[in-house]
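Student: Next up is a structure, given as structure tokens.
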Amino acid sequence: MVVTAAGSAEEAVRRWVDAAGGRLVLDGGLATELEANGADLNDPLWSAKCLLSSPHLIRKVHMDYLEAGANIIITASYQATIQGFESKGFSKEQSENLLTKSVEIALEAREMFLKEHLEKSTPIQHPVLVAASLGSYGAYLADGSEYSGDYGEAGTKEFLKDFHRRRLQVLAEAGPDLIAFETIPNKLEAEAYVELLEECNINIPAWFSFNSKDGVHIVSGDSLIECTTIADKCAKVGAVGINCTPPRFIHGLILSIRKVTDKPILIYPNSGERYDGEKKEWVESTGVSDGDFVSYVNEWCKDGAVLIGGCCRTTPNTIRAIHRTLNKSPNKQQLPAVE
């Protein structure tokens, strides 16, 4: 089931939420799941490396999440930038084509998923959406600054706008349902995104998701409430929330977000494991199990979250458990029939 966007960004997101019965399930970790399927991501391009080496694996992971119950799959473009591809020797045109390819792969996965279920006489009755991921400047640097928000001398709004502008345009032109501004580490980059959405006249609903280091501030130390207010004032932002943050912080963060916005709230935490930015590896035995992760879900729903999924180190099993939990929720609306 494909539900098109119309009206304001917030209205579009609310319509998708309603069509799903009151909650939308996001997918889980992409890069870590690609590694689990045999991909070597030891590269500054991270998951975007698979756009070059193994696009079939990206498609497989998208399909795995759809089969697990995800309503939204997020493209393999979080760390894909024109500048990053050019540093690997690609032309600007080739770099833009790779960005487009990230969206095309997700759209293909959706088409395959819907077709397979139609052929099995089990047509999908909920929205299936593609969100084009746009990671921060820090994600491009691949030096851990996406987890600190400290960009040094590069940290000016005009620099960040110039860095992201063409990338945003290319991703939007590829035809996703949403633009996902993910793991936003500082207030300045949020302001840059808002101005770009207006200047580029992007008419695809966007979401802003920040990451928090302590349950109060985003990772730069900027106030989450101030950052949420920036998103709230932008009509092109349809939802706002948190990603890549330990589950234990989410309850308080949702309550903070609700103080300053009525937009739909999205939550997709990581597994709770700690990432060592210098060693570029996850520290073992610092996270929670799928069962513990999912135990938070009903609380987050009561707090006001309506889009829920997982980030780094979560898997299709995590998303399957979230899907089952939400479908058992007493607040779950009856799914509408497809006309």
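Cβ from N, Cα, C; glycine included.
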Student: The Zn(2+) site in Swiss-Prot includes Cys311, Cys312. Which of Cys234, Cys244 is also listed there?
Tutor: Cys244
Student: Look at the binding-site residues Cys244, Cys311, Cys312 and tell me which residue has the greatest number of other C-beta atoms within 10 angstroms of its C-beta.
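Tutor: Checking each of Cys244, Cys311, Cys312, the winner is Cys311.
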